[in-house]
Structures are given as structure tokens and as C-alpha cells.
Amino acid sequence: MDPSAALHRRPAGGSLGAVSPALSGGQARRRKQPPRPADFKLQVIIIGSRGVGKTSLMERFTDDTFCEACKSTVGVDFKIKTVELRGKKIRLQIWDTAGQERFNSITSAYYRSAKGIILVYDITKKETFDDLPKWMKMIDKYASEDAELLLVGNKLDCETDREISRQQGEKFAQQITGMRFCEASAKDNFNVDEIFLKLVDDILKKMPLDVLRNELSNSILSLQPEPEIPPELPPPRPHVRCC
């Protein structure tokens, strides 16, 4: 996921001070320019019931890999990917949360700093769709009111086993102010990039112009260091988005 620095071996029999023939005669080796630093650092959290494919979506986007039998996430995990949108370089930190209820006290601490929230259900398992109101309560209780929301019906590759229609997903999203909806397949890599890039684009659209012009800004998009201990939970929000 994170790019690693390349390691160069010393030629056999050579020395650190040796000059290759190609560099003789006054020629100098050009130094490789360091990569441009990110203009913004931004956190996104993926939530949803166990087994809906949250980890698979994250790993497909960050590493372009897919695991048929991924182990359930314990607590939280994260990956980082740098993307470029609207002429800006964004370092995107994606938090993958456990779907089991016993981890809620841990994962809830990561909602507050998320500027985007991806809520995932499995189109082949009605119970994961029925759990969506529970996850919305978590969002309303812990997340920022300004967080962008995206509902994703995953496992579109299992169309023949579908239990939740696209219309049902769209109807649920329409009841939530500002929530977008799409269906995807981590296995077939369908709509995966679009999920994350559209979410980031929506976040950037809401940023003030003076913030967008300020490179390496310490604005509200700044990414905080990965906490070893979950941060203090924010107070409950004054109202909810849905019943």
C-alpha cells in the first residue's frame, strides 16, 4: 500500500567512490526529484455489518488485490493511498472498522475525524441491509455533521443471489440528507475507484477556496497521527438524520 523506497545494490567488486565510465568526462548524474508532498491529508471510514466486504473494497482500491476469504477485521485497520483530484494531491487514509457489535466502543472513536463515511451492505444478505438504521444511529451520534456520506451495495458480482434491489438501496439513501448511493463489486473491481474518488471530490467541493489554495494546509482536512488509543469521544449530536 505505502510506497517503499527502492534499495540499490552496490555493483560487485566496486567501491562507494568508484565513478562509472558513463559518468566520466565531467558528466554528472541527475538526482531524482523527491515526490511532491500532499496538499491535503484526509480520513475516510468504512462501516457496515460483518462480512459485507469492507476490507475487500479498501484493499481493491489501495492495492488492487482481492481475497476470497478475508479474515474479519479486529477493531480497526487502515491503509493509505495518495490520489490527485482538482489539481491537488491528497493523502487518503482509509479506516476499515470491525462490523461486530462488541467492537463498537473502539470503532466509534474514529468517526469524529472522518471527513467521509462509506456505509456498506451486502446485496445478497437482507440482514445487512436491515442493519443500516443501526449504523446511521452510530453516524448521528459520533460523526461530524459535515461528513460526506455514501451508501454502497457491495457484491454486485453475485447478482443471481441478490436479496436487496437497487431501488431499495436508492430509497434508503434518499431518506438521508446528502447521502449518495451506488452498487459495486470488490471482486470484479466494479465502481470501486469511483466510490473513493467521488467521495473525495465531494469533500473538496465543500472546502473554502482559500483553504484549497493553501498548500500543506493545517486545515480541517489535516490528518492526525494514527492514535494508539482511541481519542475522546465527541458529545452526542443535537439531532439525527433519520428515524
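Just so it is clear, glycine is given a Cβ too, placed from its N, Cα and C backbone atoms.
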Listed residues Ser15, Ser165, Ser222, with the one flagged phosphoserine by Swiss-Prot: Ser15
From the candidates Ser56, Ser105, Ser217, the one which Swiss-Prot records as phosphoserine: Ser105
Residue from Ser24, Ser144 to which Swiss-Prot assigns phosphoserine: Ser24
34-48, 64-78, 169-183, 184-198 - the range that Swiss-Prot marks as motif 'Switch 1': 64-78
Nearest recorded site to Asp96 (Mg(2+) binding site) by CA-CA distance, among binding-site residues Gly51, Asn154, Asp157: Gly51
Residue among the binding-site residues Gly51, Gly53 whose Cβ has the most other Cβ atoms within 10 Å: Gly53
Reduced DSSP assignment, Gly51 (GTP binding site): coil
DSSP three-state assignment (helix, strand or coil) for Asp157 (GTP binding site): helix
In three-state DSSP terms, the structure that Asp96 (Mg(2+) binding site) belongs to: strand
Long-range Cβ environment of Ala186 (GTP binding site), under 8 Å and at least 6 residues apart: Gly53, Ser56, Leu57, Glu59, Arg60, Phe66, Asn154, Lys155, Val192
